[in-house]
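A quick write-up on the structure given underneath.
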Amino acid sequence: MKLTTVLVVALLVLAACQFTVTDNSGDDPENPSLRSAGENQNPDSTKTITAWATRDMTNMRRGLNRPSKRCLAGSARCEFHKPSTCCSGHCIFWWCA
């Protein structure tokens with residue numbers, strides 16, 4: 001019984017940490033203190049530019065000239081099979097994380 005309780009508590013702590021990290025992983029220019037000190041503070045980082053270029057190329061292949069939005073913010077509805085439409089890249093139960 002004691003071992004089961006310890007395992008359940010450990011699982012809950014790990015789940016809470018995962019949701020906290022996911023919630024704070026977005027690029028929030030209004031509150032840069034949420035980011036780690038070693039992270040690149042430039043919003044036009046190579047990773048962001050590469051992601052935008054990939055989405056733009058995908059839209060060109062589909063016949064769309066311009067995407068209506070670059071990505072969906074957190075707490076927005078998303079397509080479960082297309083998590084790349086979320087800014088964070090995570091679509092959990094049809095909501096951007």
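Every residue number used here counts from 1 along the chain in the order it is shown.
Each Cβ is built from the backbone N, Cα and C atoms, and glycine gets one as well.
Residues annotated as signal peptide in Swiss-Prot, with sequence analysis given as evidence: 1-22. Taken from Swiss-Prot, the feature region 'Disordered' covers 22-46. According to Swiss-Prot, the feature disulfide bond maps to CYS71-CYS87, CYS78-CYS91, CYS86-CYS96.
Positions of the features from Swiss-Prot, shown on the structure.
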residue: CYS71; record: disulfide bond; CB count, 10 Å: 20
residue: CYS78; record: disulfide bond; CB count, 10 Å: 21
residue: CYS86; record: disulfide bond; CB count, 10 Å: 22
residue: CYS87; record: disulfide bond; CB count, 10 Å: 21
residue: CYS91; record: disulfide bond; CB count, 10 Å: 21
residue: CYS96; record: disulfide bond; CB count, 10 Å: 21
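Straight-line distance linking the Cα atoms of CYS96 (disulfide bond) and CYS87 (disulfide bond), rounded to a whole number, equals 8 Å.
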